[in-house]
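Here the structure comes first, spelled out in structure tokens, and everything after it is commentary.
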Amino acid sequence: MLIVYNLNIYDSTCNSFVYVFCIGVAGCCAKTTIAPLDRVKILLQAHNPHYKNLGVFATLRAVPQKEGYLGLYKGNGAMMVRIFPYGAIQFMAFDQYKKLLSKKLGISGHVHRLMAGSMAGITAVICTYPLDVIRVRLAFQVKGHHRYTGIIHAFQTIYKSEGGVSGFYRGLMPTVIGMAPYSGFSFFTFGTLKSLGLAHAPTLLGRPSSDNPEVLVLKTHINLLCGGIAGAIAQTISYPLDVARRRMQLGSVLPDSKKCLTLSSTLKHVYTTYGVKKGLYRGLSLNYIRCIPSQAVAFTTYEFMKQTLYLN
């Protein structure tokens, strides 16, 4: 297991469960806040025919008009179910991988932070991937053209009509390939900015840790800024793979699904049909809007919970 508890120490075990719970709650709040942006991003990435020729803000206006304001939150239920295990696995796996790389393999510094971040992201994605597929399928539906009535019906339908368990792992390859640079550069950039800030401007950017006054940590607003920058850089690098992932996840829902069976064929199809700006990077500006605050809140909550619950 990636998460190892000391069963002989009650307080340690209790703190670990509280930590996981708080991370999950924080993730749910953050994802619900940006859920409308998430749905619009999915509609744009896969060129939904009902919103095909609209831009970001036009789609944000059109969805409530066509589907009501709750239409902006389609697929959010599956995301709420997914976010607890995903957030817990990713952040706790990150700490475990860091320890493994530094203590067992002797790898330290920026390299072990980059490797641990990539490994943690991949682990979390693989464990929760079926729920991500369900979320995307539900979010892509438009009122009056429903294929799935809910999470359970979507599970049943995909399982019966798309090859059983394998149907839930369409697009896993671009997800894993994309997660490595995304998660890796997120943790790498955040950790590097944090180290540089505390090393060169400790008085301006740092404050004493709540559990150990002799240790400096970044101030909350600096944490937010560093987390936002980390998210933006990681998203820019991995975004075309995210577009390919969404199209492959949608599978038979898309009319051109036969051209999106593999990662290479999907990227080629999107590029030749829509180009770079309107294809491989369609919705990137929206992704900055949704990703930066999401990443910032995630990293800030992570650091805060570590200090509050004495899990450093």
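Backbone N, Cα and C define each Cβ position, glycine as well.
Given the structure is predicted, the values throughout are model-derived calculations rather than measurements.
Feature annotation from TrEMBL assigns repeat 'Solcar' to 14-100 (among others).
Annotation comment: TrEMBL describes 108-196 (among others) as repeat 'Solcar'.
DSSP assignment over the repeat 'Solcar' (218-308) gives 79 helix, 1 strand, 11 coil. Look at TrEMBL and you will find 218-308 (among others) tagged as repeat 'Solcar'.
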Residue distribution over DSSP helix, strand and coil in the repeat 'Solcar' (108-196): 73 helix, 0 strand, 16 coil
DSSP-assigned states of the repeat 'Solcar' (14-100) in counts, ordered helix, strand, coil: 73 helix, 0 strand, 14 coil
